[in-house]
Amino acid sequence: MLDSKLLRTELDETAEKLARRGFKLDVETLRNLEEQRKSLQVKTEELQAQRNSRSKSIGQAKAKGDHEEADRIMADVANLGSELDEAKAALAELQQQIEDIALSVPNIPDDSVPLGKDENENVEVLRWGTPLAYDFEVKDHVDLGEMADGLDFASAVKISGSRFIVMKGQFARLHRALSQFMLDLHTEEHGYTEMYVPYLVNPDSLFGTGQLPKFGEDLFHTSPLTEQVSDVPLKKLSLIPTAEVPVTNMVRDTITDEADMPLKMTAHTPCFRSEAGSYGRDTRGLIRMHQFDKVELVQITKPEDSMAALEELTGHAEKVLQLLELPYRKVVLCTGDMGFGSRKTYDLEVWVPAQETYREISSCSNMWDFQARRMQARFRRKGEKKPELVHTLNGSGLAVGRTMVAILENFQQADGKIAIPQVLRKYMNGVEFIG
């Protein structure tokens, strides 16, 4: 959520910056609402002052024994109270209208973000590794997994439906090995604290990280909306679309000491997404699932440190790919392809041989103070009384299923077996090939 002053005193400049990412801010409506708000604010304050002044006169009239005057003043005070209540209600309604508009406004892109309309105008900044040239016909991960009876899409369809998977034997073990390897790397070498978090979260948490109110259709929600347990209404819960939600919300409504910053947290969780806008896309294989595992990286920093932290966090995700010896490229998203709450985002795209292209495997973003303002996540500098908003960052380190896709396809052999990357073998009890 943007600073409200940007939508009051810097409206035209803010609209211009938002236009860079293809968002049209309704300047005229906001300006009119703000003028009405100011007028009502003044009226409310005047009515409050009049009521307070007249209320004091009641005691003075009674002290003089003029009860008739006291009654008349009390009637005036009651009328002023009614007017004040009406003005306050109108002011609250106006403020809610302004807030509703503000909640639909995305973050402002950083000046370093390239201009562009969509993903075709993202800018490649690095390419690591060289895709192998195979002397045999390359198979995709679906064929490789089904040949080895390690990926069972048919059973998943029977149990749950499309966009789910059952993994078996060494394929399930490889999936587990990947997540263990990622967690060990991030906790032992990159300085993150491992977290175990709920997979069901409340609306306040989803609001804090920006999924609500705008992206509710992308989530899986529990039903009914509320239920009574011991006379206490429970809020509707939703399955997490990413561990970013529960992990980042650890700092909601808190004030962190400057000495404890930055906070660096990681969590391995399943993620659940409805893929509401992805009908017909990536219907084959593990690329786009309703349920998938991911190791998430979250950093909570001081404002002046967040851009350097984005480079660091992205580097931590890159290290996973490098140790797995998977060719990838790094792109900075253009203004038209950025996520709703992002100030700046890097995508890491891994080489997928069967598709002969790079596919996203990690997205690393600096959210600036956008989430922090919603969450009231703050820190206090040493010697200062007033707390400041933190900056929040998050990124995949990595998506486990897509990493598995990359390993199956990049490490396939002519006979259909899969070589296990060297760094994973200790997690596989020394197994060198599967399939």
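Quick reminder: no glycine exception, Cβ is built from N, Cα and C everywhere.
According to Swiss-Prot, T242, A243, E244, E296 bind L-serine; the candidate from S104, S112, S155, S396 that the record adds to this site is S396. A Cα-Cα distance of 12 Å separates T242 (L-serine binding site) from S274 (ATP binding site). Residues R273, S274, E275, E360, I361, S362, S363 are the ones the record ties to ATP, and the longest Cα gap between any two of them is 19 Å. Here the binding-site residues are T242, S274, S362, S363, S396; the one with the fewest Cβ atoms within 10 Å of its Cβ is S274.
On its own chain, E244 (L-serine binding site) has T209, E296, V298, N394 as residues at least 6 apart in sequence with a Cβ closer than 8 Å to its own Cβ.
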